[in-house]
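Have a look at the structure below before the remarks.
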């Protein structure tokens, strides 16, 4: 993130507006020109966004006594998404109601019902004042260029925050599952044993449905790497497997014998959008004047915490959506997007809706889906042009020149300096490689070498974000369908979100490392492993991990304190000072830079090749179909990213490439 020219107020916002103004028109033209193919990433990100929002709505309804529900979370996600798609700086960023918002709104509800002069009646009105303060603070942060501060949040903060959210997801799943054995909604005219059996049956069915959803969702999430099935089928299951599993287990819930009451299993509580319970929040602004002045001023305190939380969460999501490995050509807009977030928060507060902000992993998932789309389009045109030139027996320089012209034509923004030459450097070397007699192994093959050497390109546009936000809004018309989902299926979905977010979190990987006996540590080196395993002594890894664990327990413990829990975001800002001043005194700077690196770097035990490339290199006469080509793009990018959407940077183990025993690189210490 650059800071040049941002010394004065408004400088960052003005620079962002100027940068995005130049490409705003093209953002729409590129999306429209993509045609019907834009529906694939649109549907993909729609399901990835809508399911968590429905789950958060159920959680919010449970913790706020029904004051807010899935209707409000869906409405907020849709309205904020449409505003951001049209007016936002970075259109690849996906916004939605997230878990931190649910946590803070739960604390605010607990505070309100404990105060007779506010109570449940003025809960949304007081929260609206909290949103007003939050909005003011976010706008001030953007005006004074606070966006540059986000670079001071290192991996340690992001992974602690991610682990906290994962544990809170798991906690919610466990609490929800236990509540199924005490469901008050399940009533029977008979008492005693019959009533107990119905409650018990509901609980057992909840265990089956939640575990079933959890296991099948985790399995389908990895479908792209399955050995079985056609590429298009594996790709479809990998992209849409989770919503399909929700549909499957919902359908299975209707196979319960008719002798059991209709209230078993328990299903989602969600008022219809046109019912009074859902209509009240649209007019909450008229009740804001009823809030006592003392509480209006007191709303500043949670406003500070929520502003800090949104600033951190929104900026990190934006960073992940535009990682350098995606090779985005359009400029970022961190300051302006924080300013717009302040406006969105104000609108949501006045409408009685929980605000939306940038979400993970949906934001980088959106970018990745558009990278697959654009890579398919570019490769097909380049392969076609190369084959045409080869039929005409054109020279190698002419073949490369024609392919370069296609690449420039398909670029999402005008090329700058020597960017195209740099991006196509490896492909040029392959094309211009001299033939060695009758050896055909080094001969240029468009089907093989273009795929292997084509850089990642993203279709940077606004249409997919706008369409998926509109679809989320249309989901409100399907509330009667949403109410058919068993609540236990959502508890399984919460557990899925928790477990699926752990791979790629180095804090989690180091925690697992603590349970491996020193005599078995060599097993870690036999597979893909994080770079710190070979570069940092084992005792340093243990010490650093224990520090993170203690700090994590402190953050998690604070969420259990009824009133003080609202201050848990302050611990993440305190971590900036700890990282800059305390940790360098406790750890060697080289070790600290590896353990707290900005990139997710992995080391493989031996040189690897992508299976599709190796298959073709063996000279097989079986060519992959068009559908298979498209799938391999998706599989490659899927393997390149962690569960939170972070790009993996893989390097070859020095020990494998240079097996001479003159230097020991593995630094595990048994004691």
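Cβ atoms here come from the backbone N, Cα and C positions, even for glycine.
If you look at the topological domain 'Cytoplasmic' (1-37), the same-chain residues 6 or more away from its ends with a CB under 8 A from one of its CBs are 89, 91, 142-145, 147-148, 150-151, 330-337, 339, 373, 377, 412-413, 459-464. Look at Swiss-Prot and you will find 1-37 (among others) tagged as topological domain 'Cytoplasmic'.
Under the heading transmembrane segment, Swiss-Prot lists 38-58 (among others), citing sequence analysis as support.
Sequence-distant neighbours of the topological domain 'Extracellular' (59-77) (same chain, 6+ residues past either end, Cβ-Cβ under 8 Å): 49-50, 53, 95-97, 102, 105-106, 109, 113, 120, 123-124, 172, 176, 268-273, 277-278, 281, 348, 352-356, 469, 472-473, 475-476, 479, 482, 494. If you look up Swiss-Prot, you'll see 59-77 (among others) marked as topological domain 'Extracellular'.
Residues or ranges marked as transmembrane segment in Swiss-Prot (evidence: sequence analysis): 78-98 (among others). Here the transmembrane segment (78-98) has long-range neighbours at 16-17, 20, 27, 45, 49, 52-53, 56-57, 313-314, 317-318, 321-322, 328, 332-334, 336-337, 340, 343-344, 347-348, 351, 353-359, 362-363, 365-367, 370, 458, 460-462, 465-466, 468-470, 472-473, 475-476, meaning same-chain residues at least 6 beyond its ends whose C-beta is under 8 angstroms from one of its own.
Residues or ranges marked as topological domain 'Cytoplasmic' by Swiss-Prot on the basis of sequence analysis: 99-123 (among others). Outside the topological domain 'Cytoplasmic' (99-123) by six or more residues, the chain places 56, 59-60, 63-65, 67-68, 130, 165, 168-169, 287, 290-292, 295, 302, 305-306, 309-310, 313, 354-357, 559, 562-563, 565-566, 568-569 with a CB less than 8 A from a CB of the stretch.
Summarising the annotation, Swiss-Prot assigns transmembrane segment to 124-144 (among others) and lists sequence analysis as the type of evidence.
Annotated topological domain 'Extracellular' per Swiss-Prot: 145-157 (among others), in sequence order, evidence recorded as sequence analysis. Long-range contacts of the topological domain 'Extracellular' (145-157) within the same chain, counting only residues at least 6 positions beyond its ends with a Cβ under 8 Å from a Cβ of the stretch, are 1, 3, 6-7, 9, 11-12, 311-312, 315-316, 319, 334-335, 338, 506-507, 548, 572, 575-576, 579-580, 595-598.
For the transmembrane segment (158-178), same-chain residues at least 6 beyond its ends with a Cβ under 8 Å from one of its own Cβ atoms are 59, 62, 99-100, 103, 206-207, 210, 312-313, 316, 360, 487-488, 490-492, 494-495, 497-499, 501-502, 505-508, 548, 551-552, 555-556, 559, 572, 575, 644. Annotated transmembrane segment per Swiss-Prot: 158-178 (among others), in sequence order, evidence recorded as sequence analysis.
Taken from Swiss-Prot, the feature topological domain 'Cytoplasmic' applies to 179-195 (among others).
Taken from Swiss-Prot, the feature transmembrane segment applies to 196-216 (among others).
Along the topological domain 'Extracellular' (217-235), the predicted structure has mean pLDDT 86. Summarising the annotation, Swiss-Prot assigns topological domain 'Extracellular' to 217-235 (among others) and lists sequence analysis as the type of evidence.
Tertiary proximity for the transmembrane segment (236-256) is limited to same-chain residues at least six positions away from its ends with a CB under 8 Å from its CB atoms, namely 43-44, 47, 51, 205, 209, 212-213, 216-217, 219-224, 229, 264-265, 267, 484-486, 489, 492-493, 496, 634, 638. Annotated transmembrane segment per Swiss-Prot: 236-256 (among others), in sequence order.
The topological domain 'Cytoplasmic' annotation in Swiss-Prot covers 257-291 (among others).
Positions annotated as transmembrane segment by Swiss-Prot: 292-312 (among others).
Annotation comment: Swiss-Prot describes 313-332 (among others) as topological domain 'Extracellular'.
Residues or ranges marked as transmembrane segment in Swiss-Prot: 333-353 (among others). Outside the transmembrane segment (333-353) by six or more residues, the chain places 1, 6, 12-13, 15-17, 19-20, 72, 75-76, 79-80, 83-84, 87-90, 93, 95, 124, 127-132, 134-139, 141-143, 145-147, 150, 280-285, 310-311, 314-315, 318 with a CB less than 8 A from a CB of the stretch.
Remark: the transmembrane segment (196-216) makes no contact with the transmembrane segment (558-578), by the rule of 3 or more CB pairs under 8 A.
Only residues 6 or more beyond the boundaries of the transmembrane segment (558-578), in the same chain, are considered here, and those with a CB under 8 A from a CB of the stretch are 100, 103-104, 107-108, 110-111, 152-153, 156-157, 160-161, 164, 168, 301-302, 305-306, 308-309, 312, 551. Within the chain carrying the topological domain 'Cytoplasmic' (257-291), a Cβ under 8 angstroms from the stretch's Cβ atoms is held by residues 54, 57-58, 61, 66, 68-72, 75, 118, 122, 124-126, 128-129, 180, 183, 185-188, 198, 201-202, 205-206, 209, 350-353, 476-477, 479-480, 482-488, 490, all 6 or more beyond its ends. The topological domain 'Extracellular' (59-77): residue composition by secondary structure is 13 helix, 0 strand, 6 coil, according to DSSP.
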